[in-house]
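First up is the structure itself, then whatever we jot down about it.
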Amino acid sequence: MRGLYLLTFIGLAFQAWEYILFPGEPIDYITGIAFSFWASYATLMGIGIRYPVKMLPLIFLQLAYKATWALGIYLPMKKASLVTPEAESFFWICVTAVVLDIIVIPWKYVFNNYIVPFFKFRTVSV
């Protein structure tokens with residue numbers, strides 16, 4: 001897991017923070033939102049290098065948003081023949097990330113610490 005945190009941190013932090021701190025031109029608000037999210041996300045992934053299990057929800061987020069983008073954005077673009085080279089490149093980044101996420105997530109831990117407690121309901125004694 002630490003390797004995935006490191007890979008994401010290195011791959012995203014420098015680019016996102018550089019874009020925010022040293023913009024070549026004023027940043028429009030939606031691009032600013034996206035880069036602010038990515039910079040914050042990358043920074044938190046850096047913390048995940050030290051605390052991999054505590055930061056596990058970040059990997060869930062990565063798995064969810066990349067799978068969502070690939071299925072909900074890329075596939076309709078492909079069907080409509082609107083795929084750009086950038087979208088094609090990002091699609092393969094998403095596929096790679098989803099596969100890596102599925103491999104590194106400790107599924108037994110997830111089941112025991114997230115799934116099982118979610119379905120345990122308190123019994124009310126009357």
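Just so it is clear, glycine is given a Cβ too, placed from its N, Cα and C backbone atoms.
Summarising the annotation, TrEMBL assigns transmembrane segment to 26-44, 56-77, 89-111.
Non-local neighbours of the transmembrane segment (56-77) in the same chain are 1, 4-5, 8, 41, 44-45, 48, 83, 87, 90-91, 93-95, 97-98, 101-102, 104-106, 109-110; each lies 6+ residues outside the stretch with a CB under 8 Å from one of its CB atoms. Distant neighbours of the transmembrane segment (26-44): 8-9, 12-13, 15-17, 19-20, 55, 58, 61; these residues of the same chain sit at least 6 beyond its ends, with a Cβ under 8 Å from one of its Cβ atoms.
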